Amino acid sequence: MLRGIFHICLLASFLLLPFSSAVHDSGFTGGTDAPPPWDHNVSPPPETAPSPTPTSSPSTTSPPSPGPVAAPSPINNGSVSGDMTWWCNKTPHAETCNYYFRKSSQNNINLRPPRFRSEFLRMLVKVALDQAVITHSQTVKFGPSCTNNQRKAAWSDCVNLFQNTVAQLNRTLKGLNPAASSDVKCTDFDAQTWLSTAQTNIETCRSGSEDLNVSDFVMPVISNKNLSDLIGNCLAVNGVLMKQHDHTTTANHKEYFPSWVSRHERRLLVSASLAKSSPHLVVAQDRSGHFRSIQAAINFAARRRFKSRFVIYVKKGVYRENIDVGNDNHNIMLVGDGERKTIITSGRSVQHGYTTYNSATGGFGGQRFVAKDMTFINTAGPLRGQAVAVRSSSDLSVFYRVGIHGFQDTLYIHSQRQFFRECYISGTIDFIFGNAAVVFQNCMILVRRPLHGQANIITAQGRGDPFQNTGITIHSSRIIAASDLKPVIRAYKTYLGRPWQAYSRVTIMKTYIDNSISPLGWSPWLRGSNFALNTVFYGEYKNFGPGSSTRWRVRWKGFHAITSTAVASRFTVGSLIAGGSWLPATGVPFKSGL
């Protein structure tokens, strides 16, 4: 009974967040390598960064060199200057590369040395795919050894994550085939995204086992860095190929729709009223729809034969359930009656025995997922640690006019390409975290009151490889204290971010920053730690408001007070997520450039 009262009170506290400070009333307008760092000559005031509760410990292995590793030049005359060893020695993980190609040779597999980088890349992806299949199979075999719920939870995540790694590598290999059909063929930007996801899945398996203190259980699999190194080699070689092309997209979203989007689907995506009037399914608690449960509707959609856009209209109400859109359930669109009317809520957390990954109120995996006009809440509360409201690993996904509320680890932007427009996001510690390539545009980011002795950290970006084309951009948005923090704003430190992984990348541009943010701006992972301070990329460009001054910001090599339009443009919708090529199909407004 007490738990029920607590749940209702906590839900009410989320709904009392300052929705009235609407983004559109705030005077808003409307994968790249990190640029060379530069130093700042102004000393910050004497202030010690706090020791906030970490989401996960940083990797204890030595990170690879942050500088680009040159892949071999293409050999146009058809000959090679050596054998596979010559090619492998050009990669960042040469020993691993040589080992697996020697192994193939010993197994009587005839390997002809490649003539071009692109051929070598396909060979690398094939080797990584073969190893991923083996790793997945080994992980599945751990199932009978799951003697408690914690092990079962970590094992289940790892099985699904390695299965997805196999899928991402297989998708990449097919897409890189010169003979692939147009609907399968991929760009090198696509490939870099999928390879980044494949590698991120491995790290997520590891961190999930640490969440529940069962890392010894899956250690035989996750301690083997070979698969991660093989994918890292793919990222490095494909990264060189990416530099030969410009993936910035500037298409006018009012004029462009991809050819695969039908005329009806275009109208459906652009018009919220049309989506409500002619959905494929309706969810309603008053029995006026097809289902009373959102998950039941999602499960029904997963069984459909054709994977075109499928609209589920969720009528107003509070839905107490966890929902999950599987990795193979593509083109799902959830449309509600508004942020304050359609509410999905649950209270899973790590302290309840869930991994961070699986604690999400809403988890989304299928490609091109869209959510509009609804709110997701994790009601676990500040005492329960990591508790996710939304987790997205959906490629080309969009969240439009969506509320996402919690405390620690509110929004898990896990992987792939994502876009958030006019969303409200609230939390305390690391409440926007993960390793997607993601842009937040015209969003309201609300910093809540943490527990006594804690500090607020807005972002914890998880880029663990210098060639991953991932990062967080907050553009034309507002970063402000929520109503529960405002009266005690001076009692708590708040930072824009801290480095979850060695190459963490966050850029904040043309955004209002209030006085809740510490003058230092950014925090180390732990108090006194030097982890990743020279290899991160934390950039600020033309922000405004009382907390926006970069005069007293940290003096790390990885911090950049950006003054160049060319540098800032690398982190826009058009560049970081190549949004001009896919966002028009969603019907959601966006600004491609600065």
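Glycine too: its Cβ is placed from the backbone N, Cα and C atoms.
What you are looking at is a predicted structure, and each value in this text was computed from that prediction instead of being measured.
In Swiss-Prot, the substrate site is described by Q386, R498, W500, and among T356, T361, T470, T473 the residue recorded at this site is T356.
Record note: of N77, N89, Swiss-Prot gives the feature N-linked glycosylation site to N77, with no matching annotation on the rest. According to Swiss-Prot, of the residues N41, N213, N213 is the one noted as N-linked glycosylation site. Here C443 is paired by Swiss-Prot through a disulfide bond, and of C234, C423 its partner is C423. For the pair formed by C443 (disulfide bond) and N226 (N-linked glycosylation site), distance between Cα atoms is given as 40 Å, rounded to the nearest Å. In space, N170 is the closest of the recorded positions N170, N213, C423 to N226 (N-linked glycosylation site), judged by Cα positions. Cα separation, C423 (disulfide bond) to N170 (N-linked glycosylation site), rounded: 34 Å. Over the region 'Pectinesterase inhibitor 33' (78-237) the predicted model carries a mean pLDDT of 89.
Long-range Cβ proximity for N213 (N-linked glycosylation site), meaning a same-chain Cβ under 8 A and a gap of 6 or more residues, is found for Q150. DSSP gives C443 (disulfide bond) a coil state; it is part of no helix or strand.
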